[in-house]
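Structure first, commentary second.
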Amino acid sequence: MSKPQPIAAANWKCNGSQQSLSELIDLFNSTSINHDVQCVVASTFVHLAMTKERLSHPKFVIAAQNAIAKSGAFTGEVSLPILKDFGVNWIVLGHSERRAYYGETNEIVADKVAAAVASGFMVIACIGETLQERESGRTAVVVLTQIAAIAKKLKKADWAKVVIAYEPVWAIGTGKVATPQQAQEAHALIRSWVSSKIGADVAGELRILYGGSVNGKNARTLYQQRDVNGFLVGGASLKPEFVDIIKATQ
């Protein structure tokens, strides 16, 4: 079975200066990418304008890292309509840091994903287990509960706008990385669930990204796994090695 188009997504989180990010964007713009891949850059809200203006590579799109569904009296927030009006068409939702630090439950994440899809966004929806959950043998229960909450809010046709990012929380920013076998096992579990609950056609087209201490050295071996369709990259996406990660999806 051939793989769907891969995705290499940079999650800059709350990092970067105008100078450092401008230099990185210039590097991206000058990079020759000779295969079919969708590259995504999720910057802070403050850096979105600069990124949008400066990033000219045809294989790259910009993304937001979070949003609320509606505009209104929500001081300090940014809404989906505001992002859409600004020309943002991709968004990362449900990242483990949003879940851990800002109290985003499975239900909140699912509501955000559904609202973003309904607003026409391509959504990278994040799921994954903690180290404690993995060591207690609960990886499958946790991950499938998270994706089931999202699926409950979506129609079958909506899945064309959804990308799943599996991010084992214990591997994010820790230097630990899931082995290729661990990544494949989790991705296969997710795809199998989608196949049985949503449809084999949806499962076959669904892009499932791996996120968790991905770097230029381990990306190729991870991507060779049957059900790994690309990456959601944190720390390494702020470095030139993100180009190596993109090229690992060939």
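Cβ coordinates are placed from backbone N, Cα and C, and glycine is handled just like the others.
Per Swiss-Prot, the feature substrate binding site maps to Asn11, Lys13. The active site, electrophile annotation in Swiss-Prot covers His95. Residues or ranges marked as active site, proton acceptor in Swiss-Prot: Glu167.
Here His95 (active site, electrophile) is positioned 8 angstrom away from Glu167 (active site, proton acceptor), judged by their C-alpha atoms. Rounded to a whole value, the Cα-Cα separation of Lys13 (substrate binding site) and His95 (active site, electrophile) is 10 Å. His95 (active site, electrophile) carries neither a helix nor a strand DSSP state and counts as coil.
Across the structure, Asn11 (substrate binding site) and the residue listed as 'active site, electrophile' place their CA atoms 10 angstrom apart.
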